[in-house]
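Chemist: My structure is below; once you've seen it, I'll send some questions.
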Amino acid sequence: MERNKKKKNNKTTKKIQEKKEFNRDIIGIIIIGFGIVAIVSLFSSKMGIIGSIIQSTTFSLMGFGSYFFPLVIIMAGIIFILDNLNFKENKIILSMGFIFLSMLILLDGINPFDYSFLDRMNNAIELSKVGKGGGLFGSFFGFFFYRLFGAIGSYLVLMIVVIINLLIITNIKVKDIITLIDKESKNHRNKKRKPKIINDIELKQIKKDIHIKESLENASMEEKKNLIKEIKEISFKDDSNNTVLNTINEEIESKKEKTQVSTYNIPSLSLLNSPTNNQDGNDKKEILNNAKIIEETMKNFGIDATINQINKGPTITCYELQPSPGIKLSKIVSLSDNIALSLASSDIRIEAPIPGKSAVGIEVPNKTKSSVLLKEILMSEAYNNIGSHIPLALGKDVSGNSIVSTIDKMPHLLIAGATGSGKSVCINTIIMSILYKSSPADVKLLLIDPKVVELNIYNGIPHLLIPVVTDAKKASFALNWAVEEMEKRYKLFAQNNVRDINSYNNKLKENNEEKLPMIVIIIDELADLMMVAAQEIEDYICRLAQMARAAGMYLIVATQRPSVDVITGTIKANIPSRISFAVSSQVDSRTILDMSGAEKLLGKGDMLFYPSFYSKPARLQGAFISDEEVEAVVNSLKSQDITEYNEDIIEIIENPKEIELNDSDDLLPKAIELVVAEGQASISLLQRKLKIGYARAARIVDEMEERGVIGGYEGSKPRKVLLTPDDLDLKLKER
């Protein structure tokens, strides 16, 4: 019985609510209709008697305000109908009435203030006939206002009334307005220092004329000539840019005789391909449609969230989702497959939250991808103002900002990615960004390429210490030399009471001595080296990674197989900065980045950049440089004919046996006893037990092989010991 009563009560209340809503709709339509009739009556004489009555009455009562009165009536009718949207219609309509009345009083300001009450009313009627003043209403209230507050005081009071009622209507707090103004002013002040956040859905135009004067202040004469060629290629819209070009030409002509030609000339940017600005007009509609689909998908799963910003990058578009309070981020992250299904897109990536923002980033691949060429990164403000001899021109982020970092801040870099993901192109862009910034006196390169075909093209450039090392065995000797060079540099620092290479070079500069160059060691395929001499390579890489930064020596190690046996725990621990391109599995992503995400990358330069000073990896589209561009730049550098290889290093690598004793080594008997006792032989074993260097240990191993003590080379396995303890005495007496 009680349930039936409750059901009946619910039905009756629903019917009452429906009747109320129906009645409100009718009343609202009548009010709106009256407002429309009033508008037509004011501007037309074809509304009959009722129209003329409305016209004369409104003009008499409100004067010039009659033109606004119908709009107020129509808005009141709309608000009356929209009661189901939780409008507080009574307050809003009342506030609108106060604003309208304040306007009538202000319009009555043309009425002379020194008139008596009746004279003002009569004058208001006369003014209203010609559509001026505030009518009888304005004159009536205006008489008391202007007597009480005077003209200026009345204006101030009325403006305050208008502002208060506007705040009531819009439901905006004064605090929100002040914070918004303060935020905008701060953004305006920091506009020069901070990159713009893309608020519209268009790619940023390439700024080719940024800081031309600043980049030329410290440039050599040859650099200025090359930059002039670049400037002439650009179609300037500003006359000021032409004046910059003229001043540069004058400076070159005036200093032609005084300046000496530099031994190293930075290659011209004209050797690189220029970017083309391809934009699809349908992109904007498509992106806005995707934003609606994402919001609808969230609502379908009970998540209230809105997209408040969209950043369109070269490869992906990032939709910044603002969830309502109380929603777990894990709930949004778990919907990645559902969002991809709704968008009919390939794998999407969700960044929850975006660092520095209270929003979740949903990264969706673009249907039409735009390439990022190296030339536009080298011409960017970020590259020109980097202030380092070893910059890394990486590419652009999801907002289209050029990203340029420095290896000396990282201080070593590990790069991984599957075949065809853009790893080798990234290494080429890194080398090119160094060649375009630094002379051989500033930076030297040691390139190790076991794959033979990737880095061989750089043979002959002046920055190389030695020709590109392609033999895996010789690569271990080259890394051993790097370790010894690091130790020599630290001894020099200790003798001169300095802590790092910069302090040491400053001291040399004061004494007019030649400075020590920084050395960047680039290994293109670590997996091949680990197959030949895993223990030795790992030891050298770890030693360099631990100590080489202060000595001005930096490692960039790349591999296409980021497995645990290649990127070991000790290598990962000592190389904190990583770049991951697309990998085949989540396991590989965790190996290189210690987190998933790289398995969802799109390939062809799509990367996650995770240096040691980032809290989360940043998604970038890597810069592209073709083989033809690399060849053109290398040929330009070769034509300068200033390449000088370090013959001492070449001798160490080519003939490691000649480093130690020509005949038998003093430690040979001890080494034979050691390997026979251990039952196995390896170079690293002799290094640890006898406390000797790699070259000497390798020489002893070769000598033991010649004497028949141990077997031949078996890859990464230790060599077999052919002697038994009983045969040991006999073998030592030979020769």
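Even glycines carry a Cβ here, placed using N, Cα and C.
Copied straight from TrEMBL:
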type     : residues                                                       : note
BINDING  : Gly417, Ala418, Thr419, Gly420, Ser421, Gly422, Lys423, Ser424 : ATP binding site
DOMAIN   : 389-590                                                        : domain 'FtsK'
TRANSMEM : 21-44                                                          : transmembrane segment
TRANSMEM : 64-85                                                          : transmembrane segment
TRANSMEM : 92-110                                                         : transmembrane segment
TRANSMEM : 144-168                                                        : transmembrane segment
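Context for these features, please: burial, neighbours, distances.
Modeler: Under DSSP, Ser424 (ATP binding site) is assigned to a helix (H, G or I) in the three-state scheme. There are 22 other Cβ atoms within 10 Å of the Cβ belonging to Ser424 (ATP binding site).
Along the domain 'FtsK' (389-590), the predicted structure has mean pLDDT 89.
Tertiary proximity for the transmembrane segment (92-110) is limited to same-chain residues at least six positions away from its ends with a CB under 8 Å from its CB atoms, namely 62-65, 68-69, 72, 75-76, 79-80, 124, 127, 132-135, 137-139, 141-142, 145-146, 151, 154-155, 158, 161-162, 165-166, 168-169.
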Chemist: Please give me the CB contact count at 10 A for Ala418 (ATP binding site), counting all chains in the structure.
Modeler: 20
Chemist: Under 8 Å between C-beta atoms and at least six apart in sequence, can you list the same-chain neighbours of Gly417 (ATP binding site), or say none if there are none?
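Modeler: Spatial neighbours, sequence-distant, of Gly417 (ATP binding site): Lys423, Gln560, Pro562, Ser580, Phe581, Ala582, Val583, Ala598, Met607.
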Chemist: Give the sequence-ordered list of residues that share a chain with Ser421 (ATP binding site), lie 6 or more positions from it, and have CB atoms under 8 Å from its CB.
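Modeler: Phe581, Ala582, Val583, Leu601, Gly603, Lys604, Gly605, Asp606 - these are the non-local Cβ neighbours of Ser421 (ATP binding site), listed in sequence order.
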Chemist: For Gly420 (ATP binding site), which residues in the same chain are close in space, meaning a Cβ under 8 Å from its Cβ, but six or more apart along the sequence?
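Modeler: Listed in sequence order, they are Gly603, Lys604.
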Chemist: For Ala418 (ATP binding site), which of the three DSSP-derived states applies: helix, strand, or coil?
Modeler: coil
Chemist: With an 8 Å cut-off on Cβ distance to the Gly417, Ala418, Thr419, Gly420, Ser421, Gly422, Lys423, Ser424 Cβ center, who else from the chain surrounds the ATP site?
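Modeler: Checked against the 8 Å cutoff, the neighbours are Gln560, Phe581, Ala582, Gly603.
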Chemist: What are the non-local neighbours of Thr419 (ATP binding site), defined as same-chain residues 6+ apart in sequence with CB under 8 A from its CB?
Modeler: Gln560
Chemist: Hey, what's the Cβ neighbour count for Gly422 (ATP binding site) at 10 Å?
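Modeler: Gly422 (ATP binding site): 26 neighbouring Cβ atoms within 10 Å.
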